[in-house]
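Q: Supplied in structure tokens, the structure appears directly below.
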Amino acid sequence: MNWLLVIAGAMVGAPLRYVTDRMVQLRHDAVFPWGTFAINVTGCLVLGLLTGAASAGVASPHLELLLGTGLCGALTTYSTFSYETLRLTETGAGFYAAANAIASVAAGLGAAFAGVWFAQALWA
């Protein structure tokens, strides 16, 4: 049963990542990989909210599997973040590579902490 929840979440997360990335990149035709950045920060926020909800006792383990492992696991993409950072470096866009690495980690952690804080404030 648990693996079905993960699959169901991933069936939404993977296409959502693809469509969101394409839409953001079309809107922001830039060297910086805004699509992947937006997706990963959003995924961190959702995981933070889910973690806060679980610690408050309002998110079941099944919901964690569906949204956390399935949806967010398929939505977020560390491999694409790494690949895009490497490609920026290889094409001479070292500043953008460094900005991507620093901003992605900082914004992702900030979003995760904000999600936990907001969920705990809401359900505490």
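All residue numbers here begin at 1 and follow the chain in the order shown.
In case you wondered, yes, glycine gets a Cβ from its N, Cα and C as well.
Here's the feature list from Swiss-Prot:
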TRANSMEM  1-21  transmembrane segment
TRANSMEM  30-50  transmembrane segment
TRANSMEM  56-76  transmembrane segment
BINDING   G73, T76  Na(+) binding site
TRANSMEM  102-122  transmembrane segment
Q: So, does the transmembrane segment (1-21) come close enough to the transmembrane segment (102-122) to give 3+ Cβ pairs below 8 Å, pairs being at least 6 apart in sequence?
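A: Counting Cβ pairs under 8 Å, fewer than 3, so no.
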Q: Hey, which bits of the same chain come close to the transmembrane segment (30-50), Cβ under 8 Å, at least six residues off its ends?
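A: Those are 17, 20-24, 59, 63-64, 67-68, 71-72, 75-78, 80-81, 84, 88, 93, 96, 99-100, 103-104, 107-109, 111-119, in sequence order.
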Q: Taking the Cβ of T76 (Na(+) binding site) as the centre, count every other Cβ atom within 10 Å, in any protein chain shown.
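A: Step by step: centre on the Cβ of T76 (Na(+) binding site), count other Cβ atoms within 10 Å, giving 22.
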Q: Including all protein chains shown, what's the count of other C-beta atoms within 10 A of the C-beta of G73 (Na(+) binding site)?
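A: Taking every protein chain into account, the count is 18.
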